[in-house]
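Everything below concerns the one structure shown next.
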Amino acid sequence: MNINQLKKEVIEYSKTIGIDKIGFATADPFTELKNRLIRQQELGYQSGFEEPDIEKRVTPALLLPEPRSIISIALAYPSKMKVRVEGKKGERRGFFSRASWGLDYHHILRDRLKKLEEFILAKVPDARLKSMVDTGELSDRAVAVRAGIGWSGKNCAVMTPEYGSYVYLGEMITSIPFVPDSPMEDQCGSCTACIDACPTGALVQGGQINAQRCIAFLTQTKAVIPEELRDKIGNRVYGCDSCQTSCPVNKGKDFHFHEEMEADPEIAKPLLRPLLKMSNREFKNKFGLVAGSWRGKKPIQRNAIIALAHFKDETAVPDLHAVLENETSNVLKETAAWALGKIGSPEAIEALEKAAATETDFEVKNEIEKSILKLKN
Ligand code: B12
Ligand code: SF4
Ligand code: SF4
């Protein structure tokens, strides 16, 4: 088999199955990334969602014996919704970030990689292949940068000239010695728009994130969100796009190549109050297929409470009171107590006082009393 011919055929085939960009990289160890990962770990800047074994993250040979190349793929996703929400005045909505619009991208990219694997195996039956998307050991971005898919932006994202940073990434380690493509020149120049736009200062410098301060991370945690960061979350119920929407390279980039990626506005911009009353089954039925539901219902409900506080939505006071009265999760109760304090209406104070009289958990009671005290001073 002529490897150059095979590479051409793989590229041609990829275009027919909905892969928007493809690149080829060596399977050499990622030595620069290794130092980077160690440094991030030392600084406490990691999210904890990454594969914990750094050696595995940077050594493709630990994942597939005798690897000879890595194929990187990118699929462009929309940045604007085709259908607008039909909102009534006063109804408050949350916002799922763009990476959670439509069907969970893991399914879509795995489907494309599976098709690509089948194509390659039909041509090279003894090829060894291993594909991954997001949850695999490798850094999808580091692979994409090496394969010339895009450059590494100061917002940390892989920036493609064609689609901006609105691309999902995945890769396939192979035993085939494909000729690698060349990495791309950094095109950020002196721009710092993403760093300036980040609400929490999570981008500590160009290309370096403190994930612990990143809203995309915070919205996916299960614990109480640190108070100083709650105010910065706004109405984001999952993820954050500010370092992408602020980027001049992304201006006007809005691609609708994949039907499955189209957002249902009632899911991507859900009404906040109904979220608080949702049963597990209702949550699964409505949100189960989007990427943003992977941590379950409670983190989204906690974020919805924060969003209601952001809007100072007085109509939500009975719902927040109900959380304090009936909820089993102390995370939700503490957040609701804080939210009532933010809303601060006479009904909110009344709800807090009622809850203070009956609450037995120390942390929740403390949060209720803190809110009452703030309102009375
Ligand atoms: C953990 C994780 C997170 C964490 C941490 C993010 C981070 N920046 O590290 C949190 C929860 C915060 C997060 C958020 C988001 N994520 Co995320 N996440 C991941 C995951 C699982 C691992 C990332 C990782 O290892 N980070 C560690 C850092 C150190 O490495 P890296 O960013 O992968 O690689 C770069 C750096 O190492 C850098 N680098 C290497 N050496 C050096 C040296 C110097 C000096 C410098 C400056 C840089 C540098 O170059 C590499 C290439 O850019 C990947 C999937 C995967 N398996 O890779 C998705 C992934 C990175 N996430 C993705 C997305 C879409 C997002 C969000 C946009 C989602 C959202 N809208 O909320 C945000 C963006 C936040 C941001 N600005 O990065 C996409 C990125 C697509 C793209 N175009 O870049 C990925 C690739 C998932 C996918 N398969 O599509 N994510
Ligand atoms: S995703 Fe949001 S919080 Fe995280 S680095 Fe980007 S702008 Fe900052
Ligand atoms: S906003 Fe500017 S610095 Fe940040 S990624 Fe985009 S071009 Fe680069």
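A Cβ is built for glycine as well, from the same backbone N, Cα and C atoms used for every other residue.
Those TrEMBL annotations? Automatic predictions, nothing curated.
Not measured: the values here are computed from a predicted model.
Per TrEMBL, the feature active site, proton donor maps to ASP134. Following the DSSP three-state reduction, the secondary structure of ASP134 (active site, proton donor) is coil. The Cβ of ASP134 (active site, proton donor) lies under 8 Å from the Cβ of TYR105, HIS106, ASP140, LEU169, GLY170, each on the same chain and at least six residues away in sequence.
Mapped onto three states, the DSSP output places ARG141 (cob(II)alamin binding site) in helix. Residues annotated as cob(II)alamin binding site in TrEMBL: ARG57, ASP134, SER139, ASP140, ARG141, SER152, ASN155, VAL158, LEU169, CYS240, ASP241.
As annotated by TrEMBL, [4Fe-4S] cluster 1 binding site applies to CYS188, CYS191, CYS194, CYS247. Residues near CYS247 ([4Fe-4S] cluster 1 binding site) in space but far in sequence (CB under 8 A, at least 6 apart, same chain), listed by position: GLY153, ASN155, MET159, GLY164, SER165, ALA193, CYS194.
Less than 8 angstroms from the CB of CYS243 ([4Fe-4S] cluster 2 binding site) sit ASN155, CYS156, ALA157, CYS194, ILE195, ALA197, CYS198, LEU203, each of them six or more residues away in the same chain. Taken from TrEMBL, the feature [4Fe-4S] cluster 2 binding site covers CYS198, CYS214, CYS240, CYS243.
The domain '4Fe-4S ferredoxin-type' annotation in TrEMBL covers 175-208. If one looks beyond the domain '4Fe-4S ferredoxin-type' (175-208) by at least 6 residues along the same chain, the residues whose Cβ comes under 8 Å of a Cβ in the stretch are 3-4, 6-7, 10, 23-26, 40, 45, 64, 66-69, 71, 120, 124, 127-129, 145-156, 159, 161, 214-215, 229, 232, 234, 240, 242-249.
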Winner by Cβ contact number (other Cβ atoms within 10 Å) across the binding-site residues ARG57, ARG141: ARG57
Filtered binding-site residues, from SER139, CYS214, CYS243, whose Cβ is under 6 Å from an atom of ligand 2: CYS214, CYS243
In the chain carrying ASP241 (cob(II)alamin binding site), residues 6 or more apart in sequence that have Cβ under 8 angstroms from it: SER97, ARG98, ALA99
CYS214 ([4Fe-4S] cluster 2 binding site), number of other Cβ atoms within 10 Å: 24
